Structures are given as structure tokens and as C-alpha cells.
Amino acid sequence: MQGTQRGGLVPGLSPLDRRTLLFCNFILAVAWGQVNFTGDQVLRVLAKNEKQLSLLRDLETQKPQKVDFWRGPARPSLPVDMRVPFSELPSVKAYLKSHGLAYSIMIKDIQVLLDEERDAMAKSRRLERSTNSFSYSSYHTLDEIYSWIDNFVAEHSNLVSKIHIGKSFENRSILVLKFSTGGPNRPAIWIDTGIHSREWITHATGIWISQKIVNAYGKDHVLKRILNTMDIFIEIVTNPDGFAFTHSMNRLWRKNKSSQPGIFCIGVDLNRNWKAGFGGNGSNKNPCSETYRGPAPESEPEVAAIVDFITGHGNFKAMISIHSYSQMVMYPYGHSLEPVPNHEELFNLAKDAVKALNKVHGIQYIFGSISTTLYSASGISVDWAYDSGIKYAFSFELRDTGQYGFLLPASQIVPTAEETWMALQTIMKHTLNHPY
């Protein structure tokens, strides 16, 4: 399946031949187990101008597809990070050299980091079993997270409940934690993590924050004020199919796992599937692209479930979607360069959130609107939230800035979560103090 993502369809094959090829690839993948990334590297390029950015974008459209952008070509001031398969390294490096594009190697061998990550998880799992505990400083599988959710809700039923909001494409439960001190249809705050399945630090951060809420309530006067007036909803695994796949087969899978008749590349980018500038810049109509938008807005059950839930609730005041990596706090719009009506308020709130975050461990984040800070992105969740009347809509990009990328070591889970919590609390406090 990684092969179809890297290479797209083979030209000149009949539909039957294509199906046969894909079936053979599937059998081989099952036989071999997880996709191996030995020798794959992450290269960083700093484009000097728009022409060089265009040359980098051309790499993604080549067949076979030669690169997987971790930080795509956006603007000359931002570095471009791309994973290059070992087999494509000579041709990609030659391409860069021929066009005067200087590069550095951020990750020399991806598989080395993956092996370290897997070993750390195995060690943590043995310790958890021997002590009958759950480690908040380790990465976990989907089954482990869902089991933790059940235990967590049972232990803290006075403050937390579990809500089933729908089913994924592969029929997995989509679960949301509700933190509430009671009262019907109160003003609410939405937080989601893991919409892109390979961003494991976000799931781990969502788990840690959930535990922080129950531990701090009653001790933290700011949190107590928030929960005495508002409810907090956290969706820890927004893309359960993709997340399960990152553990079973392809650690670097980004999209969900939906398929369509007659289309042989799998998955939709769930953060391009919302009804907010759908199909515009920063999304892709090619099903083999990592930013494939899907056939229609809200076509994906994982997106539709959130839309139906938030719309049905009708009283959400803030929506925060947590991603990695790049160390940013951003607000709408992604699909337009036009500033939103309360741009100044969101700018100042993002600034305050970044200040609060920085005080914890000294980590520097940047902030601003999505389209001016990161890149143009259409059909994204926070744009939909803002257009739906949710005034305080933010997107976070957590650690780091590229040393590890999506493969952030587990040793950074707790510090990342601690600083993220302070930024979140800043936004929640502002939302509480500025009702609308």
C-alpha cells in the first residue's frame, strides 16, 4: 500500500492487471509485515524564490512519485522537509543539484528511528503489564488507548464520560471524552488530536491532557472556573483506521483508509475534507496524493461524525485541532489570505498562548493565520469551525522543527504535553471570559 502511494498507478495496465498487481502488493505487504524504511532519508531544502518552490512541487507530481513531503513547499522563508525512499535518493539528489537547490540531511536513516521507537514501546509495554499501570510518557496502540479510555472513564465518572459519535470507514468506533460538572447543553470547547495518523505526539498529548484535567480540577482555580461554566470535549483518535495502520503496517501513513470504486490509491486527507473552501489551493484532486481532498466535502465518515456532533450540539465556542510538527499556533483562514473579522483578537490570543507555552520549557513557537504562517490549505477543520460560528478556532503544530519530525522520541511526550496544556488553558480562559 505504501507502494501505491509512492508510485501511483502503473501506466498501460488493464483494469484486471491493475487489480492483480494491487492484490499481489497486498499479499507481499501482509507477508513482510510492516513497511521497512531502511535507508530512507529526510532532506531539508530552503528554497530562495517561487521558481525553486515550483521545482520542489514538481517532485511530488513525478511518476513514480519520488518524495513524501513532511513540510511541503509553501514560501521561501520556510524550510521544505521531504522523505526520500532509498531507491530514489540518487535521482532526487541529482535533481536538486542540477537546479541549484542546496539540501541538508535531517534524518540519515528513518528505519533507525523507527526501530528505536518500537523498542521503547515494547519496553514500556512490559513495564505496564508488570505494574498494571498506564504510562503517560509512552506511545500506545489504538486498542491500548481505547482500553485506557474505558478505565479512565470508569475511574473518573463524576467528571468524565465517553461518547460514541460514529463509525470510521473500517467500522471502528469514533470516541470522544466529555469533561463536565453537569448542566444541559452548556458552552463547550472542542479539542481533537490525531487527524493525521502518523502524528503520534498529538494522540499522546491528548491522553496526557485528559489526565491533567481530572487531576487538576479542584486544585487549579482557572480550570475549575472553566469547568464550572463550560464543557470540554476531547477526541483523542480522530482517524482510528489510519492510526491502527501506522502500528500494523506503515508508520508514516497520514490519511484515513477509505476506498472508492475504480480508484486504486487508498485514503483521504481528513484535514482537506471539510466544507470550507473545499477543493481550493493546498488540497489535491489526485487520490494518490497525501493531501487528497476526497470526492466531496464531508465524504469521509470521520469528518461527517464531527460535523454532525458539533452542529447537533450547537453551543461550541472554541475548536482546537492539534497536529505536528513545526511548533506553531495558528488561526483561520487556511483557504484564504483575507483576514477574518476578529483577526486582531485571534492574533493577540495566539501570541498569549505562545508566551504561556514558552514559559514551561523555553520552546519557541511562531503564530499567525494559517495561510500566512504555514501555507494555503483548503477544506480544513478550523476554517469550517470559524465559518460555522465558532469564533475561537485554532490549529496547533507541536514539536519539533524537524530533527525528528513525525518520529518524536517518547521522552518528549510529557514536556510537549505540559507546554501545550498551558497554551490550551490560555485559549480556554479567554473563551470563558469573552462569552458570545
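Cβ from N, Cα, C; glycine included.
Note that the structure is a prediction, hence the values are computed from the model and not measured.
Feature annotation from Swiss-Prot assigns active site, proton donor/acceptor to Glu397. Sequence-distant neighbours of Glu397 (active site, proton donor/acceptor) (same chain, 6+ apart, CB under 8 A from its CB) are His323, Ser324, Tyr325, Ser326, Gln327, Met328, Val329, Met330, Leu374.
According to its DSSP assignment, Arg272 (substrate binding site) is helical. Summarising the annotation, Swiss-Prot assigns substrate binding site to His196, Ser197, Arg198, Glu199, Arg254, Asn271, Arg272, Ser324, Tyr325, Tyr375.
The Zn(2+) binding site annotation in Swiss-Prot covers His196, Glu199, His323. According to its DSSP assignment, His323 (Zn(2+) binding site) is in a strand.
Swiss-Prot lists Cys265-Cys288 with the feature disulfide bond, giving similarity to another entry as the kind of evidence. In three-state terms derived from DSSP, Cys288 (disulfide bond) belongs to neither a helical nor a strand segment and is classed as coil.
Residues annotated as domain 'Peptidase M14' in Swiss-Prot, with sequence analysis given as evidence: 138-431.
The signal peptide annotation in Swiss-Prot covers 1-33 and rests on sequence analysis.
Reduced to three states, the DSSP call for Arg198 (substrate binding site) is coil.
Cys265 (disulfide bond) and Arg198 (substrate binding site) are 18 Å apart (CA-CA, integer value). Rounded to a whole number, the distance between the Cα atoms of Cys288 (disulfide bond) and His196 (substrate binding site) is 16 Å.
Ranked by Cα separation from Cys288 (disulfide bond), the binding-site residues Glu199, Arg254, Arg272 are led by Arg254. Counting in whole angstrom, Arg254 (substrate binding site) lies 8 from Glu199 (Zn(2+) binding site) by their C-alpha atoms.
Arg272 (substrate binding site) and Glu199 (Zn(2+) binding site) are 16 Å apart (CA-CA, integer value).
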